[in-house]
Amino acid sequence: MDPSGPGPSSAAAGGAPAVAAAPQPPAQLSRYESQKRRDWNTFLQYLRNHRPPLTLARCSGAHVIEFLRYLDQFGKTKVHASGCAFYGQPSPPGPCPCPLRQAWGSLDALIGRLRAAYEESGGTPESNPFAARAVRIYLREVRDSQAKARGIPYEKKKRKRSQAAQPAGVEPSGSSSAAAAAAGGGDAGSGGGAAATTTAQPGGSGTAPSAS
């Protein structure tokens, strides 16, 4: 036997190469998580473009309110002024020059996402500017003023009564069904991403948000 010939280890090395495991695709984010990430990036861009420059550590509830007012230029919800003939009418019969604003429901949902994103990014609940009392008061004022201007009251949905409490064979009345259907509706802009794709530039215009 020729000692210079290929040994067992050489034969193994010359075999078929091992197949590397395919990398696992990244987990797809939910719609909420994707929206939250876009909103957070938009707010950070707003801070970078702020004049004078503003860091997240120095951001306060007043700056958050300033951001919400800035977003109004991208709004799609008609909010009638007190002197408008259509003030308080939910379905005005014609056009008017009143401004478009971000709907209260959109702003409320936006603040909820930004509040969560702030703490997920390392911020503490105590220093969270999106949870500031001033922000809550501002949102309440927006809700009340838009409810009066648009003639659409914002009421909390009442919990449905247990079906077990009703006598057997008795169905809910038509009025109750209609009320439940009405309670399920609301502002078309509620829960939308007010700042989803906004190019945040405090001093100028940007791309309109995906919903208002």
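Easy rule for this one: first residue shown is 1, then count along the chain.
Backbone N, Cα and C define each Cβ position, glycine as well.
Small disclaimer: the values here were computed from a predicted structure and weren't measured.
Range 1-34 is the one annotated as region 'Disordered', of 1-34, 69-102 (source: Swiss-Prot).
Residues 156-160 are the range that Swiss-Prot records as motif 'Nuclear localization signal', among 141-145, 156-160. Here the domain 'ALOG' (31-158) is broken down by DSSP into helix, strand and coil counts: 77 helix, 4 strand, 47 coil.
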